[in-house]
Ligand SMILES: Nc1ncnc2c1ncn2[C@@H]1O[C@H](COP(=O)(O)OP(=O)(O)O)[C@@H](O)[C@H]1O
Ligand SMILES: CC(=O)OP(=O)(O)O
Ligand SMILES: [Mg+2]
């Protein structure tokens with residue numbers, strides 16, 4: 001038995017699990033939520049159902065990971081960092097350089113850092129977390145697992161933008177997508193739940209967290225996905241605008257007397273989405289029950305954009321067997337699932353209100369008669385990451 005830690009740094013969270021491998025039993029797990037927001041939540045579950053929980057302001061991922069490593073020792077979950085043989089790190093953007101998971105050396109880490117423009121809210125923070133590991137756990141093998149890997153099967157017709165092709169040839173400008181590890185995991189689980197080989201299924205997977213992406217899956221392969229060159233594209237998200245008319249950039253920059261394009265991109269990445277529309281919060285928990293009309297408008301726009309992508313993927317796939325909900329909002333927010341599916345009855349999707357009460361458990365939430373099944377599948381990016389560490393370090 002060896003111990004592997006899987007670290008999943010998201011835009012608003014840091015999730016992690018320590019597994020005994022190859023048994024895949026969980027030794028401890030935890031999440032730091034609302035990173036960068038007031039009242040971040042730091043939780044560790046370990047031992048025989050023990051829980052360590054603190055609410056405090058955690059400014060960034062660097063602080064979160066240092067706090068986590070400190071508590072692993074303080075709570076006696078491990079006696080020394082040397083016990084951890086492998087560490088798997090989620091990295092959002094691998095570009096065309098990294099098609100698969102890889103052991104991290106200095107050249108790999110520098111390349112991950114150089115891909116910052118491909119995932120500005122993620123790669124820099126993820127690289128920092130890896131550097132903390134290199135410093136504090138020098139004997140541990142670090143492995144990078146890329147969100148983009150699963151989407152490398154997308155056909156050219158879907159990953160190319162309608163701009164001069166020379167820019168793809170010269171600069172690798174294309175759609176890369178994200179959340180691939182999650183889409184892959186929930187698709188595999190869905191096939192099990194439906195009792196069919198994944199090769200025979202057409203699936204639309206909806207990863208709805210602080211970042212949101214919708215993926216069309218055929219034959220177990222990603223055919224198209226809503227995120228683009230970076231995770232800014234697609235649907236409305238916690239702080240990201242999703243798709244907009246690019247002409248807006250020049251127009252708004254002039255109005256705002258902005259000269260730096262990075263400032264504009266930052267506005268779309270960090271001040272838009274639920275936060276921008278509601279002017280209240282990027283966190284769905286602060287909005288869902290909030291009677292403020294702006295909060296409710298934000299919630300409606302959020303649902304509408306997801307529904308539109310699902311609709312378009314019915315066209316991409318020429319029909320679908322199942323829609324799958326996962327991630328923070330997809331797993332926990334039944335009202336949001338109801339809002340999204342209620343507009344898709346023409347396609348043959350019908351939710352069972354009672355089954356839809358479920359939260360964070362694997363279950364079918366559509367009615368018996370629903371032509372398209374609707375599934376709730378809690379994602380487990382960390383397990384997929386730990387499996388890749390095991391594969392590469394054996
Ligand atoms: N019980 C809940 N009801 C509604 N939304 C929830 C609930 N629990 C978590 N969320 C939402 O999930 C989002 C975070 O999702 P998550 O997948 O953890 O994020 P990340 O993108 O950082 O990985 C937040 O917007 C949070 O409000
Ligand atoms: C790519 C992305 O948006 O990831 P997350 O939802 O974890 O922030
Ligand atoms: Mg995430």
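For all residues, glycine too, the Cβ spot is worked out from N, Cα and C.
Features reported for this protein in TrEMBL:
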- 8, 381: Mg(2+) binding site (BINDING)
- 15, 207, 208, 209, 210, 211, 283, 284, 285, 328, 329, 330, 331, 332: ATP binding site (BINDING)
- 90: substrate binding site (BINDING)
- 147: active site, proton donor/acceptor (ACT_SITE)
- 179: site 'Transition state stabilizer' (SITE)
- 240: site 'Transition state stabilizer' (SITE)
Checklist entry - Using Cα-Cα distances with a 10 Å cut-off, which of the recorded positions 8, 90, 147 are near residue 208 (ATP binding site)? => result none
Checklist entry - In the structure shown, which of the recorded positions 15, 90, 179, 240, 285 has the fewest Cβ neighbours within 10 Å? => result 285
Checklist entry - So which recorded positions out of 147, 210, 283, 329, 331, 381 end up within 10 angstroms of residue 179 (site 'Transition state stabilizer'), measuring C-alpha to C-alpha? => result 147, 381
Checklist entry - According to DSSP, does residue 283 (ATP binding site) fall in a helix, a strand, or coil? => result coil
Checklist outcome for this item: Between the C-alpha atoms of residue 283 (ATP binding site) and residue 147 (active site, proton donor/acceptor), the distance in angstrom, to the nearest integer, is 22
Item to check | residue 179 (site 'Transition state stabilizer') - helix vs strand vs coil (DSSP) | outcome: coil
Checklist entry - Taking just the CA atoms, what is the gap between residue 210 (ATP binding site) and the residue listed as 'substrate binding site' in Å? => result 16
